[in-house]
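A.B. asks: Would you mind keeping the following structure in view while I ask a few things?
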Amino acid sequence: MGLSDGEWQLVLNVWGKVEADLAGHGQDVLIRLFKGHPETLEKFDKFKHLKTEADMKASEDLKKHGNTVLTALGAILKKKGHHDAELKPLAQSHATKHKIPIKYLEFISEAIIHVLHSRHPAEFGADAQGAMNKALELFRKDIAAKYKELGFHG
């Protein structure tokens with residue numbers, strides 16, 4: 001399940017592109033998530049009123065939250081699988097406060113892959129996509145284990 005050094009390098013190379021515009025990438029990821037899986041929008045009280053893509057693109061709050069999401073994910077990815085300290089508070093809030101099902105983390109992972117591929121096709125070919133998929137799968141597996149420890153079976 002772990003990634004090789006080369007795979008982590010592919011993940012971190014494309015992540016460098018993401019960090020140049022975390023808010024923009026994050027906004028695109030959330031829009032993709034909400035359009036592809038409208039049920040996920042119900043978990044976000046402050047975004048429920050955003051019904052169209054135009055509304056979502058105009059929302060500074062959505063952009064800020066996208067920045068927050070990708071900043072947290074970047075910190076986790078940079079740990080190359082040694083992310084327990086970063087994962088613990090994230091799992092705690094997502095399991096107990098927000099009650100975000102693991103399935104929704106799969107949905108946002110798909111959105112991340114799509115956005116990275118559409119925004120960075122040269123840097124995000126098949127090998128990089130495969131590596132990022134593995135990294136996101138590792139993240140989901142580990143957060144699911146934390147959810148279980150917390151008694152949340154979402």
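Cβ coordinates come from backbone N, Cα and C, glycine included.
According to Swiss-Prot, the protein has these features:
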type    : residues : note
BINDING : H65      : nitrite binding site
BINDING : H65      : O2 binding site
BINDING : H94      : heme b binding site
DOMAIN  : 2-148    : domain 'Globin'
MOD_RES : S4       : phosphoserine
MOD_RES : T68      : phosphothreonine
A.B. asks: Taking the Cβ of H94 (heme b binding site) as centre, how many other Cβ atoms lie within 10 Å?
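C.D. replies: There are 23 of them.
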A.B. asks: Hey, what's the Cβ neighbour count for T68 (phosphothreonine) at 10 Å?
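C.D. replies: T68 (phosphothreonine) is surrounded by 13 other Cβ atoms within 10 Å.
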A.B. asks: Which residue among the recorded positions S4, H65 has the fewest other Cβ atoms within 10 Å of its Cβ, if you could check?
C.D. replies: S4
A.B. asks: Round to a whole number and give the Cα-to-Cα distance in Å for the pair the residue listed as 'heme b binding site' and T68 (phosphothreonine).
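C.D. replies: So the Cα of T68 (phosphothreonine) lies 14 Å away from that of the residue listed as 'heme b binding site'.
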A.B. asks: Round to a whole number and give the Cα-to-Cα distance in Å for the pair H65 (nitrite binding site) and S4 (phosphoserine).
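C.D. replies: Approximately 31 Å lies between the Cα of H65 (nitrite binding site) and that of S4 (phosphoserine).
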A.B. asks: For the domain 'Globin' (2-148), what's the mean pLDDT in this predicted model?
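C.D. replies: Overall, the domain 'Globin' (2-148) comes to a mean pLDDT of 96.
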A.B. asks: Could you state the whole-number distance in Å separating the C-alpha atoms of the residue listed as 'phosphoserine' and the residue listed as 'phosphothreonine'?
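C.D. replies: Distance between the two Cα atoms comes out at 27 Å.
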